[in-house]
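For reference, TrEMBL has these:
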type	residues	note
ACT_SITE	Glu80	active site, proton acceptor
ACT_SITE	Lys179	active site, proton donor
ACT_SITE	Cys212	active site, nucleophile
DOMAIN	31-307	domain 'CN hydrolase'
SIGNAL	1-22	signal peptide
Amino acid sequence: MLPSQALLPAVVFALTALQALASDTFIAAVYEHAVILPDPSEEPASPNEALALMNKNMDVLEGAIKEAAQKGAHIIVTPEDGIYGWRFTRESIYPYLEDIPDPVVNWIPCTDPSRFGPAPVQERLSCMARNNSIYVVANIGDKKPCNSSDPKCPRDGRYQYNTDVVFDPQGKLVARYHKYNLFVIESQFNYPKESEAVTFETPFGKFGIFTCFDILFYEPAVVLVTKMQVDTVLFPTAWMNFLPFLTAIEFHSAWAMGMRVNVLAANTHNTSIEMTGSGIYAPAGARTYSYNMKTEDGHLLIAELDAHPRLSPASPPAVSWNSYALSVERFSQNDHEFTGFNFEDPFTFTELTKPEGNLTLCQKDLCCHLSYKMSEKRDDEVYVLGAFDGLHVVEGQYYLQICTLLKCPSTNLSTCGEPVEMAQTKFEMFSLSGTFGTSYVFPEVLYSGVQLAPGEFEVM
């Protein structure tokens with residue numbers, strides 16, 4: 001054992017070395033992957049067939065990882081479902097799953113692949129990270145045996161989890177996250193018993209990770225930012241662009257700005273189900289993003305980010321939007337209110353009966369304010385202001401607050417809320433805003449530079 005006097009210089013040297021490794025900025029990459037899907041079949045694939053499909057997808061991902069590393073990226077995020085797709089039942093996905101250990105075991109699958117049983121996917125991902133000296137984030141499936149002593153154990157004797165893994169530049173498993181908020185069609189997976197707030201430290205900041213649908217919930221998304229104080233969120237997703245959500249680009253950019261963190265969002269690419277939109281976002285706005293509904297190609301994005309965005313002079317100050325919203329003066333309310341449904345949610349609507357005007361419409365805690373002027377009021381088109389404040393239950397249960405200006409399919413008010421393809425009325429101007437009491441509302445999307453439609457947008 002060294003005497004205590006000799007230990008002091010060693011400790012100082014170690015701290016100096018860590019500080020030298022730390023960086024104020026880092027290069028991030030995300031890859032939007034056009035996943036090669038399994039053939040639809042009621043019969044489960046054999047283990048060899050499952051691995052063959054996963055290797056085809058990992059061949060593509062490996063190319064993106066190598067390119068990102070060659071361009072100086074320190075970390076790359078790949079999409080949810082990016083290695084085997086999503087066409088599965090509980091039984092048919094089983095051959096694609098591996099036993100993923102807790103990262104505390106200090107394991108490098110690339111150099112010790114059989115330590116926890118067969119793990120060819122983890123081995124290959126680990127080697128991709130190790131061979132390219134880059135953090136690799138991927139989404140795969142975890143399996144955990146259980147028995148009758150566990151009252152929640154499924155009948156087939158195992159838990160199956162939608163799982164994100166992170167390997168460091170040495171190939172070591174440093175993070176494992178089980179998706180907590182499953183989308184309604186993910187019946188092949190189990191819900192974890194508790195939400196996991198997964199973080200890990202790097203020379204360029206503290207990172208947290210969650211998956212797709214999780215971003216709409218307090219746990220784990222808000223917890224990671226407000227309580228765990230992460231600098232950067234890793235976000236594998238399979239995000240479809242349809243109402244009542246904003247598109248992937250708009251929503252994820254606004255979330256990064258509102259929560260004042262970096263977000264690395266890697267989306268799956270499949271135009272047939274409107275699945276696209278990846279980006280690298282900072283509190284001050286999008287650093288880079290891609291939205292492609294024209295081709296079926298994957299796409300690599302790379303950008304530089306501040307390691308500690310809250311401390312960066314480039315980051316805008318925090319804004320209390322609910323305090324701002326509650327100070328807004330209301331317009332006169334319209335007596336001609338009626339109820340309609342949009343995506344199965346019961347909206348309160350009021351018709352725009354005049355060519356110009358100012359309206360306020362409320363539903364519970366939410367009030368929507370519209371100021372508008374039409375070039376000409378057409379008799380064959382009906383427009384309404386709509387508000388919804390409540391529990392959305394179509395593909396999961398979560399609360400939404402939505403203000404909308406929309407066209408009805410016909411002059412029959414009972415059709416308001418149904419899909420519309422064409423609109424002829426021209427608006428010289430309109431301003432739509434909301435007042436609300438909730439904390440996690442992000443009007444910052446209007447600052448992001450992302451266009452909701454051709455035209456100019458401004459926070460009034």
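Glycine is treated like the rest: Cβ placed from N, Cα and C.
TrEMBL annotations: computationally assigned, not manually curated.
Cβ neighbours within 10 Å of the residue listed as 'active site, proton donor', excluding its own Cβ and spanning all shown chains: 25. Calculated from their C-alpha atoms, the gap between Cys212 (active site, nucleophile) and Glu80 (active site, proton acceptor) amounts to 7 Å.
Taking CA atoms as the reference points, Glu80 (active site, proton acceptor) and Lys179 (active site, proton donor) are 10 Å apart. For Cys212 (active site, nucleophile), other Cβ atoms within 10 Å of its Cβ number 26. The Cβ of Glu80 (active site, proton acceptor) has 25 neighbouring Cβ atoms from other residues within 10 Å, across all protein chains displayed. Averaged over the domain 'CN hydrolase' (31-307), the predicted model reaches a pLDDT of 95.
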